[in-house]
Every structure is written in structure tokens, then in C-alpha cells.
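A.B. asks: Mind having a look at this structure? Questions to follow.
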Amino acid sequence: MSQPKILLLGAPGAGKGTQSSNIVDEYGVDHITTGDALRANKDMETEHGTPREFMEAGELVPDPVVNEIVQAAIDEADGFVLDGYPRNLSQAEYLSDITDVDVVALLDVGRDELVDRLTGRRMDPETGDIYHTEFNMPDDEEVRERLVQRDDDTEETVNERLDVFDENTQPVIDYYEDEGELVRIDGEASPDEVWDDLQAAIDDAL
């Protein structure tokens with residue numbers, strides 16, 4: 001049996017990274033993120049230029065370039081979990097043209113919970129380690145005292161990021177829901193409970 005092809009949707013802070021790692025460990029598939037794929041293939045020639053040209057200019061990499069890069073990663077993978085793609089409806093339609101996925105799972109988390117999760121993050125500037133004020137603070141008092149909040153984790157910036165996600169990705173969610181493919185997972189449960197539900201959805205689809 002071929003390895004599963006899994007699409008994991010969810011807002012920033014929904015827990016996609018944690019659950020993607022669980023999927024990789026359990027099913028032995030590749031973890032494909034847009035950012036990693038672009039960085040790994042930044043010099044890949046496409047009809048519209050290389051990712052590097054846009055990244056170095058501080059511009060968003062256009063959809064046709066992102067699509068080609070992600071397709072290359074999918075073609076090389078024996079099963080995958082896609083995390084952070086598709087980000088908009090045109091990418092979702094492109095993905096449907098190039099491959100079939102077994103599971104489309106949405107980690108469903110409310111706005112207030114997302115804001116709490118993201119604004120509570122703290123970073124150790126010396127190590128880059130990430131902590132959280134509510135459920136993951138370091139034991140070492142010296143480390144606790146030097147923790148900082150990153151600029152992109154302030155409440156204003158978090159809400160802006162979530163607004164952008166809603167605007168771009170809600171049509172993607174609607175697209176898969178209309179196709180009858182979307183499985184909603186309660187992302188506000190504990191990470192272990194989320195994983196139990198997600199694994200059950202994957203196993204049910206295979």
C-alpha cells in the first residue's frame with residue numbers, strides 16, 4: 001500500500017507543527033511545508049523565475065512559483081503531510097489537479113484561543129528556544145527572566161496574521177467542505193486528544 005497523502009489545515013497556533021511531527025513518526029511520510037520547500041529549492045528555475053529572486057527582494061513568492069516548488073516536493077515524496085499549503089483557493093485548485101489526497105484535516109481552534117496561544121509565546125534570546133507563559137515555562141529562574149516576546153507575537157500582530165489567514169484560507173476550507181473531503185478536528189483539546197482524533201480520521205480514510 002502506498003503511503004498516505006495528508007493535507008493539514010489550521011491557523012497559526014492551531015498545532016499543525018506538533019501534529020505533523022506525529023504524522024511523520026507514525027506513518028513515515030515526508031513533512032512538506034511551503035517555507036522549507038522554497039528554501040530548499042530557492043534556485044530552482046520556473047517559468048516565472050526562481051524563489052530566491054522574490055525572497056531577496058522581500059516580495060511574496062507568487063502562486064505559480066510556489067505551486068511548482070510544492071509539486072516538485074510532492075513528486076519526490078513517498079506519502080506526505082502538507083502543512084501550510086494550500087494557502088488560497090487557486091493553490092487548492094492546483095493541488096487537486098496534480099494529486100489526490102487521502103485526508104484533508106482542519107485543526108479547528110477559536111480566535112480567542114489562538115490569540116492566547118500565540119501571544120503567550122516567549123523566546124530565550126540566547127538559545128532561540130520557545131516557551132509559553134501558561135504551560136511551558138523553564139524551571140531555571142535565570143532563563144525565565146531573560147525571556148522575550150517576539151515582535152510577531154504581540155496581540156496586534158497576531159490578530160493581523162489571523163485576519164490574513166481567515167481572508168485567504170477560509171475559501172480553501174469551504175472548497176474542501178463543498179467537496180465533502182474536510183474532516184474537522186477539535187484543535188482546542190489536549191495535544192494527545194487531538195492526535196487520537198487525527199489518527200482515527202487518517203486510519204479511517206486509508
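Placement of Cβ uses the backbone N, Cα and C atoms for every residue, glycine included.
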A.B. asks: In Swiss-Prot, G13, A14, G15, K16, G17, T18, R121, I130, Y131 are given as binding ATP, so which of A72, A189, A200, A201 is in that site too?
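C.D. replies: Same ATP site in Swiss-Prot: A189.
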A.B. asks: Y85 (AMP binding site) to R121 (ATP binding site): how many Å between their Cα atoms?
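C.D. replies: Pair distance, Cα basis, whole Å: 24 Å.
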A.B. asks: Using all protein chains shown, find which of the binding-site residues Y85, Y131 scores highest when you count other CB atoms within 10 A of its CB.
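C.D. replies: Neighbour-count leader: Y85.
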A.B. asks: Where DSSP helix means H, G or I and strand means E or B, what are the helix, strand and coil counts for the region 'LID' (120-153)?
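C.D. replies: Residue counts in helix, strand and coil order: 9 helix, 8 strand, 17 coil.
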A.B. asks: Near R121 (ATP binding site), which of the binding-site residues T34, E59, V61, R87, R150 can be found within 10 Å, Cα to Cα?
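C.D. replies: Of everything listed, what lies within 10 Å of R121 (ATP binding site) (Cα to Cα) is R150.
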A.B. asks: In the region 'NMP' (33-61), how many residues does DSSP assign to helix, to strand and to coil?
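C.D. replies: Secondary-structure breakdown of the region 'NMP' (33-61): 13 helix, 3 strand, 13 coil.
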A.B. asks: For G17 (ATP binding site) and V61 (AMP binding site), what Cα-Cα distance in Å is obtained after rounding to a whole number?
C.D. replies: 22
